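Please read the structure below before turning to the comments.
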């Protein structure tokens, strides 16, 4: 195991020190298998044994598990807290019951009605999710959970109010094989499908991008992701799935009424996810066992105290074991089997070496600028951060941006990447005016950036952190790059980014943005916190990016030696204005900026 | 017709005053901690229960004494809740997961305890301010009390947050925790104080207006929601916004009840909330605190 991990490091340098023992960054695969096993056991076990009480109990439990699995996905992978999933389940149930139970429409229509109704409800959360997140949506979902049962009673001509709707489907409950009915098989299959969906999305491009949007909206936008869209999409996916659960709820219980979908149900589902372990695939299943099965089935005399127990249990969990039951075990496991870090934790050398084998790309001297900023003005209240800045960057050019703290460098980067709007002036990227475009659209046009504090996601492995860049790529990788990516995957697939030193995190972010294949990259103080050796590695890479891949670079950096060495042109900012701009040699003679270098090597 | 409008406006403003008070109790905690206490509605209802058990039909002196007692006890309870909520956060209160979970579970715990002790009934309470007539319609005195409490708390909080050292320190927290800590403020103590103050605001309001609210274990959620809507309309953290947002939401709810029936009030709240979040997520009056740059 260790040797496999070392292959990359060996290629890069002789000395290797890596933790021995095999490491698995995540236990998702194991949790998935365990989860399926538990669902199958409780789903078909009672039928095989011929125990109809347990059969019935676990049919309902399995439906709740499926709903909680979807909520778990929403909670962590999309980062949105919903207190309204009980209402969405109810919408699905009522969709089927009204269509097929009252109006006698075929079951296929009923299921479609269930999914449609649930998604319509989901839209109520998804639309505000385009603009807001977090507690705002928490209140919106809570509000829906309160209103839903009231509406069922209000519109009793449609829903039969408190009388409820009965719907028995004898064809479904009749034993098919080995005492198992179609219903038993369905309520076993649906939570498994929900679990597979969660696992599948999480390990796909969509899931990774959703996760980034949930954890850092800025990083997401810089990778071309629209966080609001991701949130809305997550709500819609979860609503559709919950609608199917609602459709199954009807034949399972045989009768539905507003009492079945009170706000307490939504709270319970929420607590299940928290107690089981937010974000753990197995979490909702264990959560249901603790929250639902124990008090409802084993300790029936405590039923009255149910909500009180749930409340205290959840409060205790969030204070004592914030990761939940499964999460606490997972954290210990991860610590025990973690690997990565150390001096060889992450290095640029293999990447740079690969680049050096690519033939240089010539940029014609007269090529149109890839970026042109005209008279950029940015104010924060009384403070003028940018006061009419002009800037031109040619393709393949390394453009240094220097100036004292507060001179407007980061403000300029934020304006260029679309994170903040100019108050005056305009700019174009790749020949197109992008002054009014959103950050994510500009990123999708091929503008990448890093941040002063690297955005590394500690719940993703080192390789997954790199892969976020690949996910943002518009075109497939060239063969030699693909081979390199494969090597990175082998080397860092199970590495814990939490073990990386600060400088390594920076370099990791650099590789991520480079893999996204931008035409222009903005580096915001990339060398801060790098060791001297890392600094050398970084400047070597930077040169190759421009020379071999034809990437233009804007480099904001306090290390003037570094800028001086690699920049083709340098722009000097002072209190929001450009005081000088040109090739380094020319700047060295410019009296306007000489004071910057006084005492330095270039005075 | 005119009298109908007048009644709608007066009742709407009075009900809205309650939302506004809850919004202000949200704001002080939010400014000091970035936390929105989901239990605030049940804390408000707790005040109502205190009025029922301590001061139903009581004379003014007893009523006042009990109001003071109930407010203090609730303040201590909410400060304790704040301590629990902040416990796992260690300075980084922007981590929403944790506090949303803990404040929601406290909300559920309060409702569950009230339900176990007093059942799912709404208790009616009579207060010390007699009813009066407006346009020939009998109007409970607590309506006036609600509006007075809103204005009183607004003025008191404005004075406290701008003119006292402690208040200024809490305002400083809303700008930047680290800077406040660096300036030598004991952040955690101020945050607990903010929780306590929010308890006094919500608890005393619930006590005073008990005659016009539904004092029942399941009513808290409705008040916390409408209080939140008032806070969002006014811009979260902005008390002046809350002063306008509360009555706005209240009058709208009354108008809705008058036009299509009271049963749709919660639906109306939901729709208003969704629309506000979609189109004016920063509120109609913007944020009081400076935006980070």
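Using the three backbone atoms N, Cα and C, a Cβ is placed for every residue, glycine included.
Nobody curates TrEMBL annotations by hand; they come from automatic prediction.
The transmembrane segment annotation in TrEMBL covers B:6-28 (among others).
Within its own chain, the transmembrane segment (B:35-55) has Cβ neighbours under 8 Å at 18, 22, 25-26, 29, 62-63, 66-67, 69-71, 73-74, 77-78, 81-82, 85-86, 93, 99-100, 103-104, 106-107, 110-111, 114, 118, 123, 125, 127, 195, 198-199, 202-210, 213, 215-217, 219-225, 227-228, 236, counting only residues six or more beyond its boundaries. Summarising the annotation, TrEMBL assigns transmembrane segment to B:35-55 (among others).
If you look up TrEMBL, you'll see B:61-87 (among others) marked as transmembrane segment.
Remote same-chain residues near the transmembrane segment (B:99-121) are listed as 33, 35-39, 41-43, 45-46, 49, 81, 84-85, 88-89, 93, 216-218, 220-221, 224 (criterion: CB distance under 8 Å, separation of at least six residues from the stretch ends). The annotation transmembrane segment is assigned in TrEMBL to B:99-121 (among others).
According to TrEMBL, the feature transmembrane segment maps to B:141-161 (among others). For the transmembrane segment (B:141-161), the residues of the chain that approach it from at least six positions outside its boundaries are 10-11, 13-15, 17-18, 20-21, 24, 28, 127-132, 167-168, 170-171, 201, 204-205, 208-212, 239-240, 242-243, 246, judged by C-beta separation under 8 angstroms.
The feature transmembrane segment is assigned by TrEMBL to B:192-213 (among others).
The transmembrane segment annotation in TrEMBL covers B:267-285 (among others). Among residues of the same chain six or more beyond the transmembrane segment (B:267-285), those with a C-beta under 8 A of the stretch's C-beta atoms are 222, 225-226, 228-229, 231-236, 238, 240-241, 244-245, 249, 252-253, 256.
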